[in-house]
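Asker: There's a structure below that I have some questions on.
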Amino acid sequence: MSKKVFIKTFGCQMNEYDSDKMSDVLHAAEGYEPTQNVDEADLILFNTCSVREKAQEKVFSDLGRVKHLKEKGVLIGVGGCVASQEGAAIIQRAPYVDVVFGPQTLHRLPDLLAKRARLNKPQVDISFPEIEKFDHLPPARVEGASAFVSIMEGCSKYCSYCVVPYTRGEEVSRPFDDVLVEVAGLADQGVKEVTLLGQNVNAYRGPMGDTAEIADFATLLEYVSDIPGIERIRYVTSHPNEFTQSLIDAYARLPKLVNHLHLPVQHGSDRILMAMKRGYTAMEYKSTIRKLRAIRPDLAMSSDFIVGFPGETEDDFNKMMKLIDDVGYDTSFSFIYSPRPGTPAAALHDDTPHEVKLRRLQHLQATIDDSVRAISASRLGTVQRILVEGASRKDPTELMGRTECNRVVNFKGQPRLIGQMVDITITQATQRSLRGEVLTRDVAVQA
């Protein structure tokens, strides 16, 4: 009987991708099969995120909940950014943990487990071997018509509030040809939509073959677009400072680039943006969006917002709200600022009461919600092309898929439509999802 691994993933799409790779590595090396039931696992892994407040405490809380499973010989590992940040301190606080590994050393997981068994003591490897891990990863096991592809690692921006450069290292781009080979391999397995991943994905600068030539992100997008079978291209997360004119122009040339962009602004006050060390102004950010919407008028935008950064005044907050009104976001991810240990912003004086921060956050989220509802309502009666992902979460007898703009659409349809692109007439709209009916021609094609 095969061994089973349970992986709990926290945080961003990069972590989701890394968790998939952990599963692939363990399957190729040791025959592990994934399980969603922690009680039947032989190996339990926590792929952690250190971006939010009290991330470490959440990890130790989860570890405490599975500690009793050690009695039947279960192995426990901690990976991801908290592992990179805390290292051996995790073992000191939770000595029942068997392995601790960082985002750049997940490919060494089978070796770490073997060494743990051989030496009978916990193993820690949180080094930064740059892009080495991609040379040791087995081919991806595809599930569904969508897939993530990591094209670069790390971040060199050093925003004053962010731990990512310290936990994932500096920016390193994968070789251009390696990315194309991976995408082509996914297309051969039936993948129709790829999401290119990186902490600052549009900062990609990949070496091209044996030449000294470097491919920028726009060039990579063009080549990915030419791969047969790939019908949609997404990417996250992009940085406003890396949004070059060539990338903007790509939206005119490449119809496979979806009509959705996640471009985190974080704030709308130039004073706060400077304190965050973001490197752009609110006007420069909006200028980029104006250029994009001149090419794609219906481009759906999403963003990240931090409320209550140290020193934020009511005027600063109002400037953020004006930016939100000016742009019109399809969705957003918004949080109250929480200091991350070791970052420059953690040393800043913060005298804004929590109640004020909470009020501002609630106001921001209510404003975004109003925008989302209005945009959803505007979709009524339109025809949206969706990629069918599988059974609906609301009703397992129905199907769900996503529009180019990343809106969920639920509809009645045959299971044979899963993995296909179909046109849907939108008949109902709620804040978070749409409902529709399959056009007759798509039903006939699949009959």
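From the backbone N, Cα and C atoms, a Cβ is placed for every residue, glycine too.
Annotated domain 'MTTase N-terminal' per Swiss-Prot: 3-118, in sequence order. According to Swiss-Prot, the feature [4Fe-4S] cluster 1 binding site maps to Cys12, Cys49, Cys81, an assignment based on sequence analysis. Under the heading domain 'Radical SAM core', Swiss-Prot lists 141-374, citing sequence analysis as support. Here Swiss-Prot flags Cys155, Cys159, Cys162 as [4Fe-4S] cluster 2 binding site. The domain 'TRAM' feature in Swiss-Prot is assigned to 377-440.
How buried are the listed features, and what sits near them?
Answerer: According to DSSP, Cys49 ([4Fe-4S] cluster 1 binding site) is assigned to coil rather than to any helix or strand.
Taking Cβ-Cβ distances under 8 Å and a sequence gap of 6 or more within the same chain, the neighbours of Cys162 ([4Fe-4S] cluster 2 binding site) are Val51, Cys155, Arg340, Thr343.
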Asker: Between Cys81 ([4Fe-4S] cluster 1 binding site) and Cys159 ([4Fe-4S] cluster 2 binding site), what C-alpha distance do you get in Å?
Answerer: 17
Asker: Can you tell which of Cys12, Cys49, Cys81, Cys159 has the least company, meaning the fewest other C-beta atoms within 10 angstroms of its C-beta, among these binding-site residues?
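Answerer: Across Cys12, Cys49, Cys81, Cys159, these binding-site residues, the one with fewest Cβ atoms within 10 Å is Cys12.
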Asker: Given Cys12 ([4Fe-4S] cluster 1 binding site) and Cys159 ([4Fe-4S] cluster 2 binding site), what distance in Å do their CA atoms have, once rounded to a whole number?
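Answerer: So the alpha carbons of Cys12 ([4Fe-4S] cluster 1 binding site) and Cys159 ([4Fe-4S] cluster 2 binding site) sit roughly 17 Å from each other.
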Asker: About how far apart, in whole Å, are the alpha carbons (Cα) of Cys159 ([4Fe-4S] cluster 2 binding site) and Cys49 ([4Fe-4S] cluster 1 binding site)?
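Answerer: Each residue's Cα considered, Cys159 ([4Fe-4S] cluster 2 binding site) and Cys49 ([4Fe-4S] cluster 1 binding site) end up 17 Å apart.
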